[in-house]
Each structure stands twice: as structure tokens, then as C-alpha cells.
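Taken from TrEMBL as is:
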type: TRANSMEM; residues: 25-44; note: transmembrane segment
type: DOMAIN; residues: 26-386; note: domain 'Major facilitator superfamily (MFS) profile'
type: TRANSMEM; residues: 64-87; note: transmembrane segment
type: TRANSMEM; residues: 99-117; note: transmembrane segment
type: TRANSMEM; residues: 123-142; note: transmembrane segment
type: TRANSMEM; residues: 163-187; note: transmembrane segment
type: TRANSMEM; residues: 199-218; note: transmembrane segment
type: TRANSMEM; residues: 256-276; note: transmembrane segment
type: TRANSMEM; residues: 288-307; note: transmembrane segment
type: TRANSMEM; residues: 319-338; note: transmembrane segment
Amino acid sequence: MENNLSQSLNFSLPRKTLKKDSVKTVILASMVGTMIEFYDFYAYGTASAAYFPRVFFPEVTPTIALLLSLLTFGVAFIARPLGSFVFGHYGDKMGRKKTLVISLLLMGCSTVLIGLLPGYNTLGLTAVILLCLCRFVQGIGLGGEWSGAALVATENAPANKRALYGAFPELGAPLGFFLSNGLFVVLEFTLSPSQMESFGWRIPFLASAVLVVVGFWVRQKMQETPLFRMAKQRSATTKSPLVEVFKSNWLEIVQGTFIVAVTYTLFYTLATWSLSYATTTLGFSKQAYLMMLMGTVVIFALLILFASRISDAFGRKRVLLFSAVTLVIFGLLFPYLLTGHHNVWGSADFLRGWLCINGDCLWSTWRSLARTIPDESPILWFGNCL
């Protein structure tokens with residue numbers, strides 16, 4: 001489909017002739033919305049590793065409780081492909097703006113509901129089922145968010161600045177992570193452990209309501225991307241994106257899937273599971289380890305901006321190859337962190353170094369995602385979402 005569209009449309013033309021959103025609007029629409037959705041997503045990750053085992057699984061051993069809690073975290077990854085199917089299909093028919101607003105509301109409402117859920121001691125197994133249901137809805141919302149935001153940024157970008165514009169939605173992820181973990185850190189310093197388990201963990205989820213209102217207002221202000229408007233004017237969009245993308249872009253789907261998988265596998269291991277391991281096995285306090293993760297994310301965000309310049313200057317393929325090699329090396333060395341050898345090297349300093357290396361490994365892959373995947377299918381959002 002990309003080839004047919006490329007032959008029938010001059011995709012560089014709308015950037016020059018059709019009215020576009022200002023740079024400020026593009027930044028706000030793509031980055032702020034993504035930041036809010038990832039804030040919600042990461043808040044659940046932190047809570048599932050640190051608080052949910054005792055709130056929702058108090059009748060089993062701590063190890064089993066942690067495994068069950070992290071299993072609920074994984075429910076969203078089952079839902080995200082479904083979200084990509086739904087939002088990708090309708091994003092190509094209705095436009096990016098409407099579907100991005102809907103995905104934001106889905107994520108926000110489900111997050112607030114999680115903050116209102118009674119624990120196992122009140123509702124029993126029903127509480128766990130409702131938790132999984134809310135998490136599933138979170139996954140559907142995020143399934144259509146990141147890729148749509150990447151398209152909003154890159155389809156409004158000048159041809160020579162697509163990687164730079166693509167950095168806007170990517171910055172939303174570390175900013176959302178920093179914001180959610182930062183709130184948990186403040187609460188950990190302010191409240192006692194019993195208060196955190198009782199009501200403190202709910203505050204970041206309930207605070208999402210305010211952020212969603214801001215994100216909704218920002219996205220209501222944006223207009224449809226110039227490329228999509230031109231495609232609609234020339235009737236170049238497809239009536240069945242689901243069929244077309246598998247017929248014409250199946251190879252790009254496979255490539256995009258593996259590119260994203262390489263990044264997210266390591267990222268979620270470090271961002272979620274490592275919190276539980278560091279606090280229960282390695283002896284770190286929640287406050288200390290959360291702040292270490294926040295420091296890593298700051299480096300991550302700064303390197304995204306740096307890598308956007310490199311990607312525009314030297315090409316995304318070289319950047320992706322470099323990042324793939326560094327991720328493989330880090331993945332092979334990572335087991336040493338699990339054996340307690342950090343105690344020999346000097347606990348906090350050693351672990352902080354590992355986390356910074358992780359940020360260095362991830363930046364180049366993450367930075368290239370928003371530029372690489374949309375390039376494979378400039379109008380079809382569906383393949384991008386997958």
C-alpha cells in the first residue's frame with residue numbers, strides 16, 4: 001500500500017502547501033499526551049512491583065504474590081496488540097486526532113479506576129479480576145497511543161527534521177516514567193509503609209485524572225496531520241487498512257515488531273522487575289532505588305535528543321545497528337547484576353553504573369523508533385501500531 005500511495009501522492013508536498021500545526025502544538029500534542037499515558041502505564045509497573053503483592057495477593061507467599069502481581073502487569077501486553085488493531089484501523093479511517101483522544105481517555109479512566117479499587121481483603125478475588133480488567137483497558141489505550149503520536153510528529157515535520165520531530169513523543173515516555181516515579185518517591189518519604197499500602201499507592205493513579213484533563217485539552221486543539229488530510233482529499237486512504245497492511249506491508253510489520261521488542265524487553269525488565277529485586281534481594285530501600293531509576297531516565301531523555309541529531313545526520317540504520325550491538329552486550333552481562341556481585345564492587349555505585357549503561361544502550365534504539373516505523377508505511381497507521 002505504501003508503494004501505491006507513494007506513486008499517487010507526492011508526500012513532501014503537503015508539508016509545504018497544507019496548513020500545519022505550529023511546532024509548539026506538535027510538541028504538546030505528541031509529547032504531553034504520550035507522557036500522560038506512559039505515566040499511567042509506569043505507575044502501574046511501580047505499584048505492581050512494590051505494593052500490589054500485599055494489597056491484592058495477601059494470602060500467598062511473598063514470592064508467589066510478586067509473581068502474580070507482575071502477571072497482572074503483563075496483561076496489558078496481551079491487550080496492546082488488540083489496541084493496535086482497533087486504533088490502527090480506525091486511525092486510518094477517522095484520522096489520528098480522534099483516535100489519539102480516545103486512547104488517552106481510555107488510559108486515563110482505567111488508571112483512575114485502579115486507584116479506586118478496594119483490595120483483596122474487601123472484595124476478594126473480584127478485586128483481582130477488576131484489576132486485570134482495568135489493566136487490560138490500559139493496554140488497549142496504549143496500543144494506539146505511541147505510534148499515533150509518532151505519526152503526528154513526523155507527518156508535521158520538515159523532510160530534513162523527521163528524526164528531531166520524532167523525538168517529541170519518545171521524550172514523553174521517560175518524562176512519564178520520571179513523573180510517576182517521582183511522585184512515588186515523594187510519597188515514600190512522606191508516608192509510613194503501612195500508609196503506603198493502605199492508601200498512598202492510590203494517589204499517583206488518582207492524580208492521573210488531572211493530567212488526562214490537560215492532555216485532552218491539548219489534543220482537542222490540534223488539527224489533523226497534513227499527510228492524512230491530503231490522503232483524504234485525494235481518496236488515497238483505504239477502506240480496509242487491516243487487509244491492506246497485511247497484504248502489502250507484512251515484512252515491515254515483522255521488522256517493526258522485532259525492533260520494538262528489542263527495546264522494550266530490556267526496558268521493562270529494568271524499569272519494573274528490577275525494583276522488586278533490588279528492594280527484596282539486594283537490600284535497597286524503595287526511595288533509594290526509585291531515585292536511581294529516575295537518574296537513569298534523565299540520562300535516557302537527554303540522549304534521545306542527542307541521538308535525534310545523529311539519526312538525521314548519519315541515518316537511522318547505522319544508529320539502530322549500533323544500539324542492537326550494545327543491547328546484546330548489555331544483555332549478556334546483565335546476569336552479573338542478579339548474583340549479588342555488586343556488593344563486592346560497592347553496592348549503590350555499581351548498580352547506578354549498570355542502570356546508566358542500560359540508559360546508554362536504550363537511547364539509540366528508542367530514538368530511531370519514531371522515525372523508522374512510520375517511514376515504512378507513511379499513511380497506514382495500522383502497520384505502525386503493530
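Glycine is treated like the rest: Cβ placed from N, Cα and C.
163-187 is the stretch from 64-87, 123-142, 163-187, 256-276 with the greatest number of Cβ pairs below 8 Å to the transmembrane segment (25-44). Contact between the transmembrane segment (123-142) and the transmembrane segment (163-187) is not supported, since fewer than 3 Cβ pairs fall under 8 Å when only residues 6 or more apart in sequence are counted. Remote same-chain partners of the transmembrane segment (199-218), defined as residues 6 or more beyond its termini with a Cβ less than 8 Å from a stretch Cβ, comprise 28-29, 32-33, 36-37, 39-40, 43-44, 46-47, 50-52, 55, 101, 104-105, 107-109, 111-112, 114-116, 180, 183-184, 187, 191. Confidence for the domain 'Major facilitator superfamily (MFS) profile' (26-386), expressed as mean pLDDT, is 78.
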